[in-house]
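The domain 'Small-subunit processome Utp12' annotation in TrEMBL covers 734-836. Taken from TrEMBL, the feature repeat 'WD' covers 25-58, 94-121, 122-156, 334-374, 415-456, 516-557, 558-590, 600-641.
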Amino acid sequence: MLLGRYADGSIRIWNIDQSTFSIIFNGHRGAVTTLTFDKSGTRLASGSKDTDLIIWDVVGEVGLFRMRGHKDQITAIRFLCKPLLGDVISEDIPSQGYLLSSSKDTLLKLWDLSTQHCMETVVAHRSEIWDFDVSKDEMLIVTGGDDAEMKLWTIDHNVLAQGLESESTLNDEDTEIKKAIKFYGNIKRECKERVITLKFHPIANILGVQGPEKYVEIFRIYSYEEIKKKLIRRKKRQKEKKQKVENSNMDIDSDLVEINASDMITSYRMVRTSAKIRSFDFSTKEDISKSGTIEILVSLTNNILELYTMGLPVKKKEKFLETADPSKLYSVDLPGHRNDIRTLALSSDDELLCSASKSTLKIWNMKTTSCIRTIDCGYALCSSFLPGDRNVIIGTKVGNLELFDLASSSQIESIKAHDGPIWSLQVRPDKLGLVTGSADSNVKFWDFDMSQDGDTTNEHRMGSRHLTLVHTRTLKMNDDILCVRYSPNQKLIAVALLDATVKVFYNDTLKFFLSLYGHKLPVLSMDISSDNKLLVTGSADKNIKIWGLDFGDCRKSIFAHQDSITSVQFVQGTHYIFTAGKDKLVKYWDGDKFENITKLDGHHGEVWALAISKRGDLLVSGSHDRSIRVWEQTDEELFLEEEREKELEELYESTLTTSLEKTTLEDNVESTSAGKQTMETLKAGERIMEALDIADDNAAAWETYVQLKERGQNPGPPPKPNPILVALGNLTGDQYVLRTIEKIRSSELEESLLVLPFTKVISLFQYLDMWAKKEWNVVLTCRITFHLLKVHHDQIVANRLIKPRLESLKTNIRAALKRHKDLLGYNLAALKYIKRDWENNNTAEFFDDIPKNEEMSSESLTKRKFINLTV
């Protein structure tokens, strides 16, 4: 099971085996910032930027309640599930445990989940609390903030067991409130920056702390026996010092020697990584006592996973020996890029994809989406496959053209082509050369040639032949060149300059032809259609302009993105255009009608590069988020009117869900319901109303038919059921309503019931009575009944007509619940009997091993007796 928290406030629980999400929780109105399970894994707690805490029932797939009290973003939450003496609310209701939460409002709060209120608030730091963790025995809390010191706190479980009590002294005015969380001391860190992640090891006495640097600081937690020995040595040193100074035999009581936070937790090791750390976690393997090591998995900001191993202190002759420094075991660095992807290129048959970043060139198989080549390179800004698809060329930030051979996965040549960054290159349409444009204001033309490695004078030393470039001519411009493009017929060449203009030249004579101006900021990308008639430019001013190449007229200027446009490309053989921008979107345009067809969202960073297949059925996009996304054209038709309607609906729905939220006058209430209105809950409520209408109409038609028949009148043929009921297998009305409600997600049921008007609620009570009488899905029936009674209590009490229906519903539900209770009791007794029978018949075979184990343990004790001798 895998958890995912999202910026829209939703939580998804994924099934790893099936690669699908099984549960969706919607309750937060801001991005979810932290998640944690309890020890049983049945409850989930979530914290968000909306300052709310929500407890979710994972088994029931519902939200239990929402707790409010923090004034800023929640940064960390932890369950306290240690069983306490007398930790009960009543004889039949056990305690649900406690929850700790921290926030950027500098507060650490302790919540009682049984009463759903905050029982204690601690001002932990002077600034934001970024993370905290609780030790495995739930006795210690360590919090981290903006400074170089962490704070150590202790948990008094006796106070938790007794609840909030006041100790009164002889004077009634003097009262002291017991505190469950008590400050113990400060712990110094090596890093001076804020804490990002703070985590206790689940088994070993180890604490890991991560900041924004390239290391994880490991702290060692001493046991009570180790601290006691440390205090004895400290007292001995104090006594010796006292004797030297005063020459007296003063004894120091052990109770007078205080245990500081530095005595309990001290810095032990530094796990240094190759880049800055995004997060880390400890391995949960349980054989650390045998191996004497722990493993730490680190996720780096450059998209690398590294696994480190670190030795634990080895106890030998009452002393702990230091172990070797942490070492790296494994590193997952070949898949994916370490930096943002700046350029993409597809091979001529669309079988291979080239992607390049700051230091890496990767070749991908488009069918299997697997990386088949990884080659070191310079800072790539542009790239292309060369004719034959055996070589790839890139233009770098330092002005080099680097040529790579895919068969040998090696660089075969690096040519110093320009004195500035090469922002653009393109292979000529005749496949005999290429053109490059650079920030040194030069457009250079190159021809392909074959070069011979080795000594050409000696045939025995002659090496293999490889492709190379020969510089033929140069076109000098007055400003930096950002993009160059050939027309498909190779008659024209367009050059985009830093002065926000595009110059068009004749390719054969390099004679000036057109000057295209109108952009307010430089053109970052452009392309020419396959029929040589249109040129599209994308600029940093967020606009695309479509130009005619016959006269240089601007056909249309479109405000395309919310940020700079980084790439534009025509689909081959059409006037359809794909654009990418720094607003994380890819958009699809009709270049003839000047309309946006659709938008493709999915990237989490700026989209730097696009590559389109020759047939136009595949689109590849590369982003600053280091991901490559492949978009496939479907057979589904798109209608522009429908797309515009969807956009308007999205705007309307974004305000509709907020307007339908419960307007509470209880802003200071600590505990409320956990749900949130979404479009799914609104649609589910509409489906319930439609089902009720169909069932009511069907029931009313039959009731009219029966009444006419009882009066002796001719009612005609029996009424025909609704076609929907017939299509589903001749369902009755109550069956159809039940099936409709059962299809609603459990986490969305309560919010969808809030959509129903009171008239539909009265109608639903009728079907609830039928379900209870027939004992159909008693659990769901009771849940709906109790929720509706709670929400519409005032209206139900004031309505006398519904009283007989509620009386019948109460009787039927009580009878159904009693039968279910008896059934559960019978099954529970049977399971207990099976358990006792299994223990009696299957555990006797293990009893023979007990004396052997005791004998072995006694032998080990006798061997170590000499250690405990005192002199």
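Glycine is treated like the rest: Cβ placed from N, Cα and C.
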Problem set entry | Secondary structure tally of the repeat 'WD' (334-374) (DSSP, helix then strand then coil) | 0 helix, 20 strand, 21 coil
For this session: Please list, for the repeat 'WD' (122-156), how many residues fall into helix, strand and coil according to DSSP.
Result: 0 helix, 18 strand, 17 coil
Seminar exercise, completed: On the repeat 'WD' (122-156), the mean of the pLDDT values is 90
For this session: Taking helix as H, G and I and strand as E and B in DSSP, count the residues of the repeat 'WD' (94-121) in helix, strand and coil.
Result: 0 helix, 18 strand, 10 coil
